[in-house]
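Database features, via Swiss-Prot:
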type	residues	note
REGION	83-231	region 'Disordered'
DOMAIN	236-286	domain 'GRAM 1'
DOMAIN	286-385	domain 'PH'
REGION	457-558	region 'Disordered'
COMPBIAS	468-478	compositional bias 'Basic and acidic residues'
COMPBIAS	576-587	compositional bias 'Basic and acidic residues'
REGION	576-622	region 'Disordered'
DOMAIN	730-796	domain 'GRAM 2'
BINDING	SER917, ARG918, ASP920, ALA1220, HIS1222, HIS1235, GLY1239, THR1240, ASP1259, GLN1260	UDP-alpha-D-glucose binding site
REGION	1334-1406	region 'Disordered'
COMPBIAS	1355-1375	compositional bias 'Acidic residues'
COMPBIAS	1376-1387	compositional bias 'Basic and acidic residues'
Amino acid sequence: MRPFLDDAKRRVDRRLSASKQSISTSRLLPSVLPDRFKDNHDAQVDFTAPPGGVGSREGHMQYMQQSIFSMIAAVGSRSDFHARFDESSDSDGETEGRSQTESPVKKVLGSSNPVNSQTEQRSGSQTSRKSEKDQSSRGRHHRRTISDHKFLRPFKTSSKPEPDTEPSTGDERLRVTLPRRPRSTTPRAAPILSRMVEAQAQFDSKTPSAGRSQNSSQESSIHSSHESSTSPLSTRLMEMFDFNKPEKVLVEYACSLLQSMLLQGYMYVTEGHICFYAYLPRKSTVAIKSGYLHKRGRKNPKYNRYWFSLKGDVLSYYADPSNLYFPSGHVDLRYGISASLAESKEKGREPKEFQVSTDQRTYHFRADSSVSAKEWVKALQKVIFRTHNEGDSVKVSFPIENIIDIEESPMMDFADTFKIRVVEDDDSYAIDEYFFSFFDSGREALTLLKSLVNENASGHSSRTLSPHADRSPRSDRTRRSRNRWSLTSGTSQPGNGSADTHRKRSASTSHLSLGPDAIPTSPVTRHQDPSESILNSFEQGTESSAVWQSMEDGAESASQILHRSDVFQSPTIHNLDKRACSDERSGRRQAGGTARSTLTHVNANKDGSPGEYSKLGNDGKPDREIRHVIHELDQETQGPSKPGPGAPTLNELVKAGTYPLQRAAGFAEYLRTRSKQMSNLLASESMGYIEKVSGMWVGGRRHYGEAEDVLPDDQAVDPEDKEDGCNYGDRFRAHFALPSTEKLQATYFAYLHRVLPLYGKIYISQKKLCFRSLIPGTRTKMILPLKDVENVEKEKGFRFGYQGLVIIIRGHEELFFEFRTSDARDDCAVTLHQHLESVKYLAESGLLAEQEKDESEAAMAEHRMLQEARLDDYGENDIPPLNESSGLHPIFDDPRASIVNFKPAESLRITCLTIGSRGDVQPYIALCKGLLAEGHKPKIATHAEFEPWVRRHGIDFAPVDGDPAELMRICVENGMFTYSFLKEASQKFRGWIDDLLSSAWASCQDSDLLIESPSAMAGIHIAEALRIPYFRAFTMPWSRTRAYPHAFAVPEHKMGGAYNYITYVMFDNVFWKAIAGQVNRWRKNELGLKATTLDKMQPNKVPFLYNYSPSVVPPPLDYPDWIRITGYWFLNEGVDWTPPVDLSAFIQRAREDDKKIVYIGFGSIVVSDPSALTRTVIESVQKADVRCILSKGWSDRLGDPSSAKTEVPLPPEIFQIQAAPHDWLFAQVDAAVHHGGAGTTGASLRAGIPTIIKPFFGDQFFFGSRIEDLGVGICMKKLNVSVFSRALWEATHSERMIIRARDLGAKIRDEDGVATAIQAIYRDLEHAKTLAQQRSIASSTPFSPTPSAKNTAEQGDDDVEDSEEWTFVGDDNEMDMSRRMRDRAISDAEMLPDRLLTNSIHGAGR
């Protein structure tokens, strides 16, 4: 891939100074900053410190930030805090797969002549564009080569000068190298053949253009007695199936080719051929199916339960579905042979067991039901079929004259199926059988085909099956070009002849014919001897096959003209297994595609002259000699070949035996690496045991070039390891079942910290970060896509003398690595950052590699051009198109979509309950406006001071008691858990809670649905009493996860998943203990409900709506289905706002002076020295040379009316405002500086500008850490001139930060958070109703004040109603997963609560 061509050179250059570089992706290097921004004497001073006696964040509770919610948790009187962990509450959920959508492709149809221009581009321009890296790209990628017409040129391109005999232009090479193929024969159901190869017909340079591109899917029959033989459809079929001339299309049907699965496509009947075409687009990064299965061990008959995910060509399984980066193992379906249900052990019962066979072993699985087992088998069969298919489309073609007979073969009640038997060719006498199923017009098709066969038989009565019979010129050409390849489930074997002739063949009883693109051929396979069956007994891993394994692949095409039906049943490629790889070209494939045998290509032109070779043998003979050999071989092929199965191994051993004495060690290494037992013991690494172990423990690092060899300036490599043929990249890809397009870039030895330090090896490739444990007895593997990595940070190690590296991942807990030396750690960090920058902006099309994207485009173009030709025929001949309803109807099986309309039929009365500041109310106004538009009747219940604002938007209002300003004053002025805080809060707070609960109960009457911020505390109990569905909504993380810490417990440094999870457990328990007494008394006296506990409430089962962007806080992998991150709920009040004239003039003047503009506003905060903070802001703005719009709100006491006044005069660079809508203001500035509240952060990020956050309390620390992790801003721990001026300069000059912020802003603006939230409400409404009913049945009493309480209780089961300890429990699997996560979190962090309360986490951990 082009972006990585110079990675090796850049990496070497940068690695030399790695230890001196800054590692933050969002910050500029110190060397880039001007000298004036170096730290001064005030670098450690914080001018935002609160007044004396209150203390700073460091002086008080370091983690429980100053907020109303923390205050609530702190002042519950007579609460037994020592017992806060005696009661537990479960959190569970399952992982939802994320898919990437495939972007539409149109560029391949851009030329005026789609046929010729595309042909020339693929053969000429793309050939020159490919790097030499493609020469070594073998294995899996060529299997995916699809209809991009690469058959017009050799797939292997080179930047080296061409030999004199090679045509200099792409057109000449096209004409000389590629003689035409007339037609193709097809399959028969034989046992195992190695793999399916593509053969796509070449395009003639004189072929007329097809014109426009059309997308149509039509599935019935077309009859045309007037159709011209040169119609667009005839021409297109001639090009695709390589006929001699355009053949008149007699009829067209929508049908399915029946093999292990129904392959839906089209049958075209021409004058001389029957053709079948199917388009099979693939998306390799989409999870096809996932779920729980039981897997049997290799030796242990016991079944163990795992979470399985089928993605691309790999079936992976995981012990924990929330840890999808750490697979327990995988089954590589590229080596798959079959997937089938096991035989039922009981008569009359369908089996739940099934098995998957590969070329190495058979895997046994058990599903939870027989239906599930069938679904898995069907999905696996599709994947195995795709891996056998050489691209994104399948073609089958055979001459009508070769048809023996056609007979009906009833298989399905709803379709007509018949079998066509075809003689493969005139030499082999092989007979193939094809089954075609017609869902419409089947009887008509059968009659027509039988009549054609009968007419052909009567017209050619002299035709025989004898290979010695007279044949027409076309027949002769067909004979010479048909069986150019024989493929086997084993490997290629040399033919019978001297080594000088370079004759290689692959042994098989089955033939797959390549199209004209598949240039390498094996001429000695024209005739097959019965002794060839001996060759089939060679296993892939044996010496005879491994020695002569050749991985030169031929030119590829996008689709296949298949020969013989057994191609559907053999493995695509064969395991690298315990043998030395030849080099990168070996991949894990056998001759010809794995199985492509490589040597010389014998192509016969029409006049019988030998064609030009496409690929050299291993020795690479010159043109002239190869031509001579080809000519000789072409002469030999007129008679039967004489394969010698014993010769290959003997010749190889003789050759090895003639090595000089100094090469004896190499021969011994050759034998040693082929020992299966030793290879298993040494983890398939082909190096000596002593060297392996010593190198492993010494550690270090290695970088690899384009050919995946160690760069010369890296650490010395063992000479024997160099001479050993096995490529480093091959072993890397074999370890993790990765495609051949994944190139190894660097490796490091390090410790992965999870529960215990685990020593292993880090692999960095173009798109993956992988880890493999090296400790005996451990099998930990990690595969992490770099696109999921947000940032990389250097930290101190957990152990003395070690250096730490933290990987921050989207929606997942952080990963910690430890290195022995700082050099290795710094080098790894720099390498990762280089790859992150490359990967971050690569277009994600849903495909694994750029080659696959090109190939998919070409296959799609071929499909569209064929559809276009059909439409052209319709226009010319007035033939009705295929009936849309005649063929197979697609089955709706997309788990991410739904055909069900979840919107309630009637209008709902929806109440939104919240408390707090203006920022807590604003999102609900936006949501209620959306609900009004949907026809519902929303109401907001909050503090009375917000009533005018709410009613101005046409939303109903209900008051809730409590003064938010007084609560905020207690939090801000007293700090957290100080003596003055506890004293004042205990005096005022308890009465406030009683008033809040009672007023909330009154405000929520007459509601059908309740949506509440969990800070309001009353909603879940009110919904239980009213028997109505209940949702939660909030602006910060409140649900348990290992990905992020609780918003009120953000640590100074990353602490990992165990810490993150335990913060939620702690806060839930402490918060509930503080209010439990008052809440239960209120439930009994006013709601008529029984007392409850945290476990009985099951708050983690409640549907939750988070109103921030999934691009800012990606959904964690361990969130259950009912927790949804919807996007911001913006109100957009600035649309009609008119700015003051002086503000507009200030902005205009700054633009004219070419100065950057920043906004600075921290809200209403309390600081010890307001004038010092003002001077700091002024000096920082002047030092950074920017213009500032200032919104001042700080003072030495909360609510001070003079807080907006400046203590010192403001310079002309600063313009002060009182208020302005954020959505308007942030669009006018280049950067924003604020306190980091959820709403303000969302507004600045939506504007697409870098954001600087100075957090003070609450969730502000969480959002500060998020913008820094995303690389779109800076979070300042202290505020002084040195730090602030540098941050202002970076935010306005760092192109990396500016681009990232701009891209993030575009993503946020594309979201519609309100609409997504409303759809989520509809979707989860039934789930919420179920929860409400279950809770009300369990907790209602005869004194319940709600009219429906008794009736509902009577409907419930008496046992459940009377149960005091009833607890709603969901799916067992869910609960098991929750329990495992909780147990792991608690065991991982036994002492963490004490550390949390003693301010010593960082010191104890590092």
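Yeah, the Cβs are placed from backbone N, Cα and C, and that goes for glycine too.
Mean pLDDT for the domain 'GRAM 1' (236-286) in the predicted structure: 80. Residues SER917, ARG918, ASP920, ALA1220, HIS1222, HIS1235, GLY1239, THR1240, ASP1259, GLN1260 are the ones the record ties to UDP-alpha-D-glucose, and the longest Cα gap between any two of them is 23 Å. Around ASP920 (UDP-alpha-D-glucose binding site), the C-beta neighbours below 8 angstroms that are at least 6 residues distant in the chain are THR914, THR942, SER1013, SER1015, THR1035. Mapped onto DSSP classes, the domain 'PH' (286-385) shows 19 helix, 45 strand, 36 coil.
Other C-beta atoms found within 10 angstroms of the C-beta of ASP1259 (UDP-alpha-D-glucose binding site) number 24, with every protein chain shown included.
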